[in-house]
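Working notes, structure below.
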Amino acid sequence: MHRYRSHTCAALRKSDVGATVRLSGWVHRVRDHGGVLFIDLRDHYGITQVVADPDSPAFKLAETVRGEWVIRIDGVVKARADETVNKAMQTGEIELYAQEIEILAVAKELPLPVFGEPDYPEDVRLKYRFIDLRRETLHKNIVKRTQIISSMRNGMSELGFAEYTTPILTASSPEGARDFLVPSRIHEGQFFALPQAPQQYKQLLMVAGFDRYFQIAPCFRDEDPRADRLPGEFYQLDVEMSFVTQEDVWTTMEPMMTKVFEQFAEGKPVTKQWPRIPYDEAIRKYGSDKPDLRNPIVMQAVTEHFADSGFKIFASMIAANPKVEVWAIPVKHTEATGAIGRAVCDRMNAWAQSTGQPGLGYIFWKEEDGKVAGSGPLAKNIGEERTAAIAAQLGLGAGDACFFVAGDPAKFYKFAGEARTRAGEELNLIDRDRFEMCWIVDFPFYEWSEEEKKIDFAHNPFSMPQGGLEAFDSQDPLTLKAYQYDAVCNGFEIASGSIRNQSPELMVKAFEKVGLSQTDVEERFGGLYRAFQYGAPPHGGCAFGIDRVVMLLVGAKNLREISLFPMNQQAQDLLMGAPAPATPTQLRELALRVVPTPKKD
């Protein structure tokens, strides 16, 4: 028999009854039932119940074992009595009668519990992550993550893509976030950067003629922590293809990712045909370029119904500024919600005020004496005819309600989108048991930066502008669209991509609009710029955020619940104690000196 085990703790079945076996694992818990000891023995694969009674030669030692000790047990497989069968366990029809126990390792008093998985301070969990990872839910999440990545790899290989690895030590590249810099010992005063994405390398692979590339790529961004992003390091399914249009990218990746979702969705419906929604339409209908399509609320403009109306706040705004619009957030009642009345409207208004807004106008409709009429301050101010016209446009009736936002849409659309989401959550309209996918397409190429008072790239600076050189020379830059697209699932951006700009001339023109000269382009993107002068094929691709995809599929509440050794929200690795000061010797070798930041008065 093997030194440590003949079977795993998930392997034994009723067909093994009578066999003498050997198991090794962690003591999950110990129970004493009237002098008979029950030990749940756990390993990576599952749990087996071990029994030791006073007649067992292993009983004396069994009495000493404690939770999370590592032990080896030899014993005989026995069938459980019918009334003690546990159908929730893979090994629930059998138990192991202990004959010999060997203690392989003892455990100190635990800093956090493994059994039962109660809530525990996150910093303790991260400091003792090796114990935290023994918890069933987290352990399953990590195993599921591995399976999902494996499924992605298989899917890409079946589509004829080859996996190539690109450098981790590279040049600094302005891609929207700060770089992590690595000082060079050999080249004093110079620095490598960890890649924010393999963007330039994968494009260079297309120029080199490799046609279909993918990689499970680690990416590094020195960003301030956010709830929907892991600080420091994250992973993406990085993809690039030659001689393709954006439609080719969509029709290649959409079925593959749908298949991955269906494989791990545990029966929840997954969108089979992902709708293509133009960016402008997404902003108008959902107030977001990451719309949660499980929410049935679709916004509409109702400006005409408030122009010259009795509601002077909106009417005066419309008269004073041609950019002003009034958007409606219509909410239809369901059997589950019942009629939507003043109480819901008041809660929504209070929520809006809590976010710093002056409030949220509303109308709710009810039936009185056989007639449907609008109620609330807005309905009273604009009158019966305009209220009825709004209801007719939006398809609203008795029991329904509508919220209103007014101003310059460029300034209020995000709040309108948040109000749409809040209304959907308030009335429980969002179906949590499905995965709703879409592509957001036709992104703006440029945007106006209020902070810097200049034009900047809206997204990926390497995207191909729609219309090419001709559009560049004839259009207002802020009206240019890019061959750029995002994939969205349940309100989360899960992928971003574009058709790339492979023209050196157009590349220089694109960067000139944001204030970078040809010399700047050659200095910052020299490798790519040079490559494009030696025959670059039309190419494009995308990158799916693996961490977010896994988080959605396992239903985790944050990204740290699907990552092995994540940093905390202060970008610290509490387990390894990183970041940490360098030693004087290390600093001397790198010709570096730490200069403390002056303290502010």
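Don't overthink the numbers, they just go from 1 along the chain as shown.
Glycine is no exception: its Cβ is also placed from the backbone N, Cα and C atoms.
Taken verbatim from Swiss-Prot:
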type	residues	note
SITE	H33	site 'Important for tRNA non-discrimination'
BINDING	E175, R221, H459, R500	L-aspartate binding site
REGION	199-202	region 'Aspartate'
BINDING	R221, D222, E223, E493, G545, I546, D547, R548	ATP binding site
The rounded CA-CA distance in Å from I546 (ATP binding site) to H459 (L-aspartate binding site) is 20
How big is the Cα-to-Cα gap, in Å, between G545 (ATP binding site) and R221 (L-aspartate binding site)?
14
If you average per-residue pLDDT over the region 'Aspartate' (199-202), what number do you get?
95
Distance, H459 (L-aspartate binding site) to E223 (ATP binding site) (CA atoms, angstrom)
16
Sequence gap of 6 or more, Cβ distance under 8 Å: name the residues on the same chain that satisfy this around D222 (ATP binding site), in order along the sequence.
A177, R178, D179, F180, G232
For the ATP site as recorded (R221, D222, E223, E493, G545, I546, D547, R548), determine the largest distance between any two Cα atoms, in Å, rounded to the nearest integer.
20
Could you tell me which three-state DSSP class H33 (site 'Important for tRNA non-discrimination') falls into?
strand
Once near-sequence residues are set aside, which residues in the chain of E493 (ATP binding site), 6 or more away, have Cβ atoms under 8 Å from its Cβ?
D289, K290, D486, A487, G545, R548
Does anything in the same chain, at least 6 positions from R500 (L-aspartate binding site), have a Cβ under 8 Å from its Cβ, and if so what?
Q203, M206, F462, S463, M464, H539, G540, G541
Nearest to H33 (site 'Important for tRNA non-discrimination') by Cα distance: which of the binding-site residues R221, H459, D547 is it?
D547
Top of the binding-site residues E223, D547 by count of other CB atoms within 10 A is D547
Least surrounded among the recorded positions, given as H33, R221, H459, R548, when other CB atoms within 10 Å are counted:
H33
Here the Cα-Cα span from R221 (L-aspartate binding site) to D547 (ATP binding site), rounded to a whole number of angstrom, reaches 15
